[in-house]
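Data block below; observations after.
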Amino acid sequence: MVSENGKAVVPRHVAIVMDGNGRWAKKRFLPRFFGHKQGVDALVRVVQACIDREIEYLTVFAFSSENWKRPSDEVSGLMGLVLAAVSRYLARMGDMGVRIRIVGDRDAVSDKLRNAWNEAEAATAHNSKLTLNVAFNYGGRWDIVQAAKAAIKAGVPAEELSEARLGEFMAMSYAPDPDLFIRTGGEVRISNFMLWQVAYTEFVFSDCLWPEFGEAQLDAAIEAFRERDRRFGGVKEAAPALAGA
Ligand code: FPP
């Protein structure tokens, strides 16, 4: 959505690193798993809030290529939680008009989870209110490498390889680059999320722990985004001509 002066009123594409689930649970003397469980509920709330604000794309970092390093019970807990979330929320997401797309390396996940992803994508493929990209077993560097491999396999000659051409092979080539990147949980880093796509994205870092993130925090991030002066490497207005030049 764009205002009269051409500035975006709401971002078209929001990307979120949903951080702080573990600390949310720890503060309550609960196992980390409970934080992730609450994190799923926060995600459902934020999906609805994005639809209400006419945001077109929401990309969330649900499991990174590096998250395999976590204790095995946390990894299997997260896998189980995602499976349960698909069966619990798929119909609701469909009713909300959400199109689900999974981005990441599917080779390493179980057949059960891969089938659930395929089912979620197929069941929501016709929806167009909001595209929810779930980055799972995803890493920004992985994406760049898989795009390069795909370009080579497609026979693209080196001299034809440009940013635009390689971009066609990136996992989210169907979506515009994110306008707004939000990271909750107080850490100030990208953690290998969407490295290619965030070249000109506006960043907002929030101390809020992800399970507590909701409409108010989303609106605060959008407000901060609105105040930014996006120049995409250019200048705001042409420099005045030099006198006598
Ligand atoms: C980071 O918090 C969060 C994750 C690694 C997992 C996020 C996953 C979800 C919210 C579930 C998504 C579910 C679906 C269906 C897409 P952390 O564990 O690093 O928290 P900490 O920094 O406080 O330890």
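Each residue, glycine too, has its Cβ placed from N, Cα and C.
Residues or ranges marked as active site by TrEMBL: ASP19. When other Cβ atoms within 10 Å of the Cβ of ASP19 (active site) are tallied across all protein chains shown, the result is 23. Look at ASP19 (active site): DSSP puts it in coil.
Long-range C-beta contacts of ASN67 (active site, proton acceptor), restricted to its own chain and to partners at least six residues apart, with a cutoff below 8 Å, comprise VAL75, LEU78. The annotation active site, proton acceptor is assigned in TrEMBL to ASN67.
Summarising the annotation, TrEMBL assigns Mg(2+) binding site to ASP19, GLU202. Long-range Cβ proximity for GLU202 (Mg(2+) binding site), meaning a same-chain Cβ under 8 A and a gap of 6 or more residues, is found for PRO11, ASP179, LEU180, PHE181, ALA224, PHE225, ARG228, ARG230.
Annotated substrate binding site per TrEMBL: 20-24, ARG32, HIS36, 64-66, TRP68, ARG70, ARG183, 189-191, in sequence order. The Cβ of TRP24 (substrate binding site) lies under 8 Å from the Cβ of GLY35, GLN38, GLY39, LEU209, TRP210, PRO211, GLU212, each on the same chain and at least six residues away in sequence.
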Cβ-Cβ distance under 8 Å to ILE190 (substrate binding site), same chain, at least six residues away: VAL17, GLY140, PHE181, VAL198
Nearest recorded site to ASP19 (active site) by CA-CA distance, among binding-site residues HIS36, TRP68, ARG183: ARG183
Cβ contacts of ARG183 (substrate binding site) (under 8 Å, same chain, 6 or more positions away): ILE16, VAL17, ASP19, ARG189, PHE203, VAL204, PHE205, SER206
